[in-house]
């Protein structure tokens with residue numbers, strides 16, 4: 001849930017609402033609850049039936065919007081977006097929603113996911129005269145819509161969707177219609193709710209709870225939904241839709257209070273912890289989890305194993321973007337950021353440390369070391385997901401397998417590197433069982449590619465991007 | 001730990017360091033870990049042996065300081081302060097440390113606590129020609145030091161201390177010496193640590209962990225400590241010192257990773273939860289705690305009762321001072337702030353909701369209601385401390401007993417008001433046992449005044465302040 | 001020079017530099033001296049030979065850039081832009097330079113002027129699949145470049161230029177080349193300078209003085225200049241180029257220290273004042289000018305008439321964007337903004353008040369009234385340009401002739417409306433003579449359209465914009 | 001008028017108003033017009049008859065106040081202050097008004113000037129137990145008021161005034177009364193105006209014009225004025241009052257639209273220019289003045305000499321506190337700040353450059369050099385005041401005579417140092433005649449100490465401050 005520690009970064013959260021006079025404000029609260037899906041930038045586009053108005057910027061939702069903003073965002077429909085924090089580039093040009101203006105009207109697009117054929121499509125579009133102002137995939141969608149020969153926006157959008165490959169949960173709005181679509185594998189979550197007569201769409205159901213909306217159903221893989229003054233209409237744009245939802249949403253990304261594809265995330269994570277305890281028990285005095293994303297799994301491990309669950313580490317809540325990082329010298333002297341050990345809990349104890357996943361392994365090493373310095377006698381690391389060995393091409397920022405520690409080292413090597421007394425990862429079967437999806441579809445309807453290397457879509461040569469993807 | 005929900009506000013945190021070339025930066029990190037003790041303002045005064053330099057401001061530590069600040073704060077000794085968020089007044093003039101300049105040199109003071117004879121002393125000082133620029137008690141200390149007839153700062157400070165009544169953990173620094181003192185009842189916590197050769201003082205030990213310092217011992221009630229180039233010297237300024245540390249530090253204020261008077265706060269809280277389960281068991285499906293301060297007690301209640309511990313509520317981490325509050329209309333439509341229910345956990349369940357304390361009762365009512373709307377069948381409220389019936393005069397912002405719900409209502413009345421299926425408070429004996437202090441001193445060496453009305457010091461008539469105390 | 005008073009707004013200033021290691025910083029200073037040409041937004045794109053990097057934002061040059069900015073803008077070439085302050089829309093999307101990214105490289109464009117066939121070209125481009133993200137004309141240029149069938153950027157740009165109608169001073173840069181072009185009528189100023197080996201281009205020569213560059217020559221109407229590692233090359237893209245430079249640059253827009261097309265602006269303005277004194281003398285005690293743009297003309301009027309020149313009004317220098325406007329009630333009680341009368345100068349005097357031009361007339365009325373309240377016996381208004389009766393389509397924000405007071409009222413009507421004792425406007429002949437351009441070309445090579453209605457280019461039907469031009 | 005160029009810094013401006021419901025807003029506009037007297041900080045204290053409320057901060061008036069500020073500053077009386085920009089220290093603690101709180105009520109003080117016996121009084125007060133929180137003289141006044149044995153604030157203030165030596169224009173306010181006082185020499189200006197029934201006091205009359213108030217009279221030297229619900233009452237606190245107003249107010253500090261002691265500043269300056277032309281004529285082609293403070297004198301020189309007045313230099317209006325200073329390297333390459341030459345005016349010309357005064361001489365040297373680089377054939381420097389040879393102890397920041405170029409060099413030496421073709425300073429007689437004060441009092445009622453070394457008050461040994469005065 002807190003990307004800065006992990007090195008795993010979700011790409012974005014999407015929110016949309018149709019039919020409420022406070023559309024922009026409700027989108028603000030919705031984006032607020034999706035903030036964990038992206039901290040680099042945020043934006044809202046609103047329609048008042050006559051024109052689209054936009055406000056967006058770099059920073060947290062809190063930082064981008066202020067009370068004055070909303071006086072300029074009156075309207076009954078809105079789409080919003082939070083964008084993830086990337087190390088280097090991108091900047092303002094990539095903050096979404098993107099907005100396009102033509103003499104026939106305006107168009108706004110918000111996107112969560114990653115297109116695997118973006119580069120080949122860009123190449124083709126450029127050869128036909130298209131120009132791009134950002135480095136994001138999302139701009140491709142706008143060009144495809146524009147260049148479709150169809151007359152209505154719905155047909156144009158459907159035509160564009162048929163050309164996209166990869167992961168996408170998309171919200172598109174003009175002055176008169178809101179449309180949302182999910183890729184045929186349903187790689188990213190996208191849910192529909194109601195708030196009185198209004199329709200609400202969000203990447204996670206926690207956005208419904210924060211505004212008091214009620215959950216209705218999931219957007220289906222390969223489904224295109226159109227909402228306008230005539231209500232909601234659904235159609236399929238893909239014949240061969242099979243759900244393959246990202247399993248890392250359950251393991252790490254989604255908020256524990258969200259239901260992803262109708263399963264509560266906290267409950268799934270707790271069950272992952274129980275599975276982990278069954279597969280890899282250990283004799284110890286306390287169980288603790290890396291806050292915040294591993295708390296649920298740690299509770300489950302403790303409940304299953306009978307070892308007490310304790311707060312072994314504390315996360316400093318006030319570390320924000322303006323926090324002054326300690327110098328290398330001070331860090332070596334022991335100055336800590338983000339996590340502090342609870343000495344009173346771990347001192348003289350054999351500790352089971354639950355983490356949800358390992359990407360580069362550097363954070364785990366630091367935590368093990370921190371627990372030892374705080375007096376832990378033994379540190380047993382248990383990971384509530386299998387080793388991540390393969391890059392993700394669907395919107396998770398682990399695209400370089402050179403950085404994935406599990407792609408290059410055995411478990412024993414990793415244990416030594418992080419200085420743990422023991423190390424174990426949940427099995428793929430344990431993962432599937434723990435998440436708890438029905439098992440009558442392939443892979444239980446989930447994507448396991450980062451663990452198994454079996455990708456649910458074609459992977460295009462251009463997925464290994466010719467220029468920096470931001 | 002998060003004052004904004006509770007209506008209980010700790011007054012301030014203090015940090016001091018002597019003998020480290022990065023004194024200001026280390027103070028910054030120390031204040032950072034004490035941020036939960038005060039969010040209104042923060043400041044650091046540093047000594048380079050020749051002069052004192054100050055930087056302070058309104059806001060969080062993160063907001064007040066930036067990298068450039070430290071280039072102007074070079075020196076080997078520093079004191080720092082975080083001040084709590086008060087509703088109305090105060091403003092910049094009350095942000096600490098206070099600094100006083102004279103032709104003999106400068107003096108800086110940082111204070112956690114509340115003096116019960118501040119107003120009578122102010123009255124007397126004013127009649128002698130003193131003028132005050134803030135409304136804080138702390139300025140009184142400076143005047144007493146200045147007006148003492150003694151020659152050395154140590155004697156002057158000691159003379160001043162003998163006139164102060166109430167709660168105070170004080171740090172005082174001039175160009176050449178750092179002094180700290182604790183009131184004879186030791187009402188507020190204050191600990192000593194070491195970082196290499198440097199001495200470190202802090203309101204809570206979590207400030208030692210964040211900078212890699214090691215805990216040494218508590219400052220004793222009635223102890224005055226002087227640190228300078230000759231090292232650390234201790235003296236007693238009060239003959240009749242008996243520890244009566246604030247029990248709410250264990251229940252609510254302190255960070256769970258701190259040890260307060262050598263007891264770990266998380267462990268004490270977990271034991272309070274266990275005591276609560278023994279005293280007031282209930283048949284239910286899940287136990288949940290109000291984040292963040294009640295999590296430990298909830299874990300204890302669950303462990304003792306055998307009912308599973310779950311995340312029944314989520315706190316939105318990104319709600320900051322710039323968060324736009326929902327309008328009354330949107331709030332009535334269900335827009336939430338700060339806390340969201342985990343519907344997947346509480347729906348169709350009988351829920352035990354653990355809270356650490358109740359002040360006005362309004363938050364509890366809102367939470368019970370929120371859990372019911374999320375589908376909880378029953379909500380049983382269990383409070384891990386006794387009813388707060390009496391005002392605190394030692395630095396906790398509950399000075400008006402008219403606002404204390406438990407001072408004016410029976411438990412059954414409170415239950416009805418908050419809409420719970422049952423409500424129970426931990427007994428005073430359970431509190432004492434749970435915290436776990438040795439029982440061979442009166443009240444186990446803790447202040448229970450807000451529960452019992454028995455105050456460990458005289459209460460002066462002027463404690464009911466003639467003008468607004470800020 | 002200070003747009004906020006006048007209601008006449010220049011659209012933008014352009015700066016470019018090639019071949020200096022501090023390209024971005026020098027552009028910053030250059031834009032700084034061009035700030036009077038646009039206060040809404042500013043931006044710089046830099047090339048380091050491998051990629052383009054951009055920084056831009058809303059606000060003054062001072063506000064958009066900070067020292068950290070430049071660490072990310074290393075490179076030897078740059079283009080920069082300041083954009084004028086528009087009342088309503090536009091916002092960030094319209095801030096220039098615009099940047100376009102393709103798989104072949106990036107392209108940045110900065111533009112001063114206005115295209116009269118922008119809408120018809122947009123219409124045509126959209127029908128071919130182009131999409132637009134801003135409402136500015138400048139995006140059209142990028143599309144035309146992209147869609148040209150030519151191979152090299154120079155040919156593509158030249159091809160695009162041949163399709164543009166109206167006023168444009170353009171700077172275009174990719175990783176390897178900088179190009180600048182001026183429309184065939186040379187409606188907007190654009191000059192070339194040298195700074196050591198580096199080439200510098202700017203809308204006004206004051207940008208050369210601020211960085212210590214030396215003036216070389218004007219960019220000629222219809223000239224396309226290419227600068228790269230092989231030096232500077234020039235070509236003509238239009239057979240029928242005739243200079244028709246905007247006469248309002250001399251009257252109002254340009255800085256008095258700039259030379260526009262080799263004539264010093266202060267000198268021209270002083271001569272306009274002298275002409276005005278010859279055409280419309282008056283018996284009076286003092287001459288004063290509306291600061292800052294009318295000072296030079298007032299000096300000229302005084303010198304010619306022999307009436308002493310005095311500071312009759314003072315401009316408050318600290319009125320910025322954060323200035324709190326007085327309420328209507330306070331304004332009626334006499335609270336002033338921007339201008340204060342110098343009572344000691346005007347009291348009991350017959351005053352000649354020189355202004356450079358009148359757009360809506362509201363400011364003039366307020367100034368006349370202010371002078372009377374300060375004790376002026378008579379106020380004789382003299383305008384150092386002819387009445388503005390026709391809209392400008394070339395980049396000056398007077399496109400709505402309904403707002404032009406002189407288009408709808410006689411001079412006597414205007415005099416009554418503004419409460420002056422007398423009112424006179426310089427004749428067109430006086431204007432031409434005063435500016436001092438050689439008279440062997442039609443209209444002396446200047447555009448007088450806003451006075452005469454005779455436009456130097458075709459005016460396309462779409463110039464009366466189908467949607468709001470920003 | 002723009003202190004940053006000169007190295008001469010006025011210490012502060014004072015504004016006060018009694019009896020207007022918009023007291024705080026009007027003070028804001030008043031301070032705005034006094035901004036040239038101090039740019040470091042600004043503050044307003046307001047009284048609503050029951051309490052004093054304060055808002056102050058570092059920065060320009062624009063930066064310190066925002067619309068929300070005023071909702072917290074309701075009241076019918078206010079005092080305000082702008083503080084000058086000092087190189088080093090001071091910071092927030094010295095921003096005025098200072099506010100003092102006692103159990104009997106609050107007191108606010110705003111001060112323009114400098115006390116010459118501040119340090120000896122501080123010494124004495126400290127020995128009696130007073131403590132100081134700032135390094136400003138103003139705090140001394142509060143202590144003297146507090147320690148006076150008198151019963152009423154008026155008597156206490158009068159008693160304090162009798163102990164002060166030096167220059168002071170003071171405004172003091174409690175909940176019920178506003179008092180202003182001027183030192184017996186009337187060294188600093190202070191005027192009284194009316195706005196309807198309200199009384200207004202200001203350092204300069206330009207503050208009356210901006211709010212539409214009418215001038216009434218000067219506060220007299222040695223006069224104490226009390227304003228409350230019973231109206232305005234005046235008394236004398238000094239038997240031997242003789243006006244000796246700072247002549248640099250006329251030469252440099254005051255705004256040209258202000259009347260200082262009933263003489264218009266622009267007119268005085270213009271007359272100084274005329275005197276200068278009579279005393280030191282020169283054969284030349286153009287006269288130009290250093291903007292903004294020397295413009296009036298240049299106009300006068302031109303008028304008297306018959307040489308045309310021209311804009312030979314332009315000041316960049318957008319240089320603010322966030323302006324990024326050019327690196328030394330860029331400055332050597334010719335990058336300019338603040339002033340640009342008007343090449344078209346000075347090229348090939350013999351230039352008379354008028355400046356109002358010379359402190360260190362470095363700016364003059366830079367301007368002469370700039371004019372030569374712009375092509376001036378000759379540069380004749382004429383200064384419209386005598387050489388400054390002596391430090392000022394009354395509130396002007398030239399207290400170190402080591403820095404005064406004229407204290408250490410002959411005129412010929414200075415001419416060579418600044419590279420001028422000729423250099424001349426106005427005589428003291430010319431100064432007196434030009435300013436135009438009546439000549440029937442010693443020195444025409446003005447202080448000439450910085451030119452002559454004859455100080456109108458005793459100079460105490462402690463005026464050469466034992467610790468840094470800020």
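If you go along the chain as it appears here, the first residue is 1 and each next one adds 1.
Glycine is treated like the rest: Cβ placed from N, Cα and C.
What TrEMBL lists as active site, nucleophile is A:12. Sequence annotations record features per position, and here TrEMBL assigns [4Fe-4S] cluster binding site to A:246, A:392, A:447, A:450. As annotated by TrEMBL, Mg(2+) binding site applies to A:293, A:355, A:356. What TrEMBL lists as domain 'Glutamine amidotransferase type-2' is A:12-230.
When the C-alpha distances from residue A:392 ([4Fe-4S] cluster binding site) to the recorded positions A:12, A:293, A:355, A:356 are tabulated, the minimum falls on A:12. Of the recorded residues, residue A:355 (Mg(2+) binding site) and residue A:447 ([4Fe-4S] cluster binding site) place their C-alpha atoms 20 Å from one another. The highest number of surrounding Cβ atoms within 10 Å, among the recorded positions A:12, A:392, A:447, A:450, is found at A:450. Sequence-distant contacts of residue A:246 ([4Fe-4S] cluster binding site), defined by Cβ-Cβ distance under 8 angstroms and a gap of at least six in the same chain, are A:167, A:187, A:188, A:189, A:253, A:392, A:394, A:395, A:396, A:446, A:447. Of all the recorded positions given, namely A:12, A:293, A:356, none has its Cα within 10 Å of the Cα of residue A:450 ([4Fe-4S] cluster binding site). For the domain 'Glutamine amidotransferase type-2' (A:12-230), the model's average pLDDT works out to 92. Under 8 Å, Cβ to Cβ, and six or more positions away along its own chain, residue A:356 (Mg(2+) binding site) finds A:251, A:252, A:269, A:272, A:290, A:293, A:294, A:297, A:383, A:384, A:385. Least packed by the Cβ count within 10 Å, out of the binding-site residues A:293, A:355, is A:355. DSSP gives residue A:356 (Mg(2+) binding site) a coil state; it is part of no helix or strand.
The residue listed as 'active site, nucleophile' carries neither a helix nor a strand DSSP state and counts as coil. When secondary structure is read from DSSP and collapsed to three states, residue A:450 ([4Fe-4S] cluster binding site) falls in the helix class.
Neighbouring residues of the recorded [4Fe-4S] cluster site, listed in sequence order and excluding A:246, A:392, A:447, A:450, comprise A:187, A:247, A:248, A:394, A:396, A:448, A:449 (Cβ within 8 Å of the Cβ centroid). According to DSSP, residue A:293 (Mg(2+) binding site) is assigned to coil rather than to any helix or strand. Following the DSSP three-state reduction, the secondary structure of residue A:246 ([4Fe-4S] cluster binding site) is strand.
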